[in-house]
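Student: As annotated in TrEMBL:
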type: DOMAIN; residues: 5-119; note: domain 'Tetrahydrofolate dehydrogenase/cyclohydrolase catalytic'
type: DOMAIN; residues: 139-288; note: domain 'Tetrahydrofolate dehydrogenase/cyclohydrolase NAD(P)-binding'
type: BINDING; residues: Gly165, Arg166, Ser167, Ile233; note: NADP(+) binding site
Amino acid sequence: MSTIIDGKAVAEKVLAECGQQIEELQTRGVVPGLAVVLVGDDPASKVYVGSKVRKCAELGLHSRKIELPADATHQQVLDVVHELNADPQIHGILVQSPPPPQIDEDAIVRAIDPAKDVDGFHPENVAKLALEDSSGYVPCTPAGCMRLLKEAGVETSGAEAVVIGRSMIVGKPMALLLMSKEGNATVTVAHSRTKDLVEVCRRADIIVAAIGRPEFVTADMVKDGAVVIDVGINRVEDASAKRGYRLVGDVAYDEVAPKCSAITPVPGGVGPMTIAMLISNTIKAACQSQRA
Ligand code: NDP
């Protein structure tokens, strides 16, 4: 029987810890503040931004949503970032990805004050992750995956881990976390040029799938007793669903789950952790701003 790792429950636990920290900060007159910048009207981005702002309100965080039109210039977005960098009420800033094509996303990320970069995408925070300097901010999704592994009692030390995907927001930071002194795993990072991916995956005690392809990881790629963390969120058409689509992960859950010792479902696995870790990073930023 495989354990289904309940991301909602772990996220609630993280948010309960956050709630306590928020109360402590409030006794010192500090209200952690998160600013979310949304450029354009991408429907999925609107949903993500809405849920981040709602979660902040529920927890008593100060949040600010800044919406810019789809034809906003790069300079307009930069100006907003500079204002937020200078605003003492704002401890965390994120610019929702992907922005429209006229915006140079890398340059925007570099313009965010690294001390407010709660997404953990600024080069300074990427370097701190590689250096295992805990003053930096770890990207929320891989940080959430590590917490899920911990809460599920998965021993990462000495484990063979295969991360499928090498993006800067999931795959690479996930690999760094797994190989860090906290993770101590032996890590292989696979991507679209990897040869014999099936064989590579079959060696894994832990598979983290961050590919962006629905149900890509099939039962033949997974060894008996492996732990599978499914980061993928993919919409697939489903005429029987109310919205005309349903969400599936990067793992063919129904055939893979029976082989695993533990697995995350989609939805309800990694997804809820991402927002919980964002709130956690914002609180860390508020705490660190007091010490600065
Ligand atoms: P990217 O598209 O940036 O990266 C996908 C990675 O998968 C790339 O490294 C790519 O390789 C690799 N890949 C693609 N096809 C193959 C293949 N056939 N074989 C092996 N590797 C392959 O995606 P993200 O990292 O941003 O996101 C991955 C998934 O996670 C998506 O479904 C996304 O929606 C989801 N996601 C979920 C989050 C959550 O909160 N749960 C947060 C962020 C993302 P190459 O580099 O060679 O192109």
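Just so it is clear, glycine is given a Cβ too, placed from its N, Cα and C backbone atoms.
Unlike curated records, TrEMBL annotations are generated automatically.
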Student: Could you tell me the mean pLDDT over the domain 'Tetrahydrofolate dehydrogenase/cyclohydrolase NAD(P)-binding' (139-288), as a whole number?
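Tutor: In the predicted model, the domain 'Tetrahydrofolate dehydrogenase/cyclohydrolase NAD(P)-binding' (139-288) has a mean pLDDT of 98.
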Student: For the NADP(+) binding site, please report the maximum Cα-Cα distance among Gly165, Arg166, Ser167, Ile233 in Å.
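Tutor: So the binding residues stretch over 16 Å, Cα to Cα.
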Student: Quick one, of the binding-site residues Gly165, Ile233, which Cβ has the fewest other Cβ within 10 Å?
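Tutor: So among Gly165, Ile233, the binding-site residues given, the one with the fewest Cβ atoms within 10 Å is Ile233.
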Student: Going by DSSP assignments with H, G and I as helix and E and B as strand, what are the residue counts for the domain 'Tetrahydrofolate dehydrogenase/cyclohydrolase catalytic' (5-119)?
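Tutor: The breakdown for the domain 'Tetrahydrofolate dehydrogenase/cyclohydrolase catalytic' (5-119) reads 61 helix, 18 strand, 36 coil.
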Student: Near Ser167 (NADP(+) binding site), which residues of its chain come within a Cβ-Cβ distance under 8 Å, counting only those 6 or more away in sequence?
Tutor: Ala210
Student: What does DSSP give as the helix, strand and coil breakdown of the domain 'Tetrahydrofolate dehydrogenase/cyclohydrolase NAD(P)-binding' (139-288)?
Tutor: 56 helix, 30 strand, 64 coil
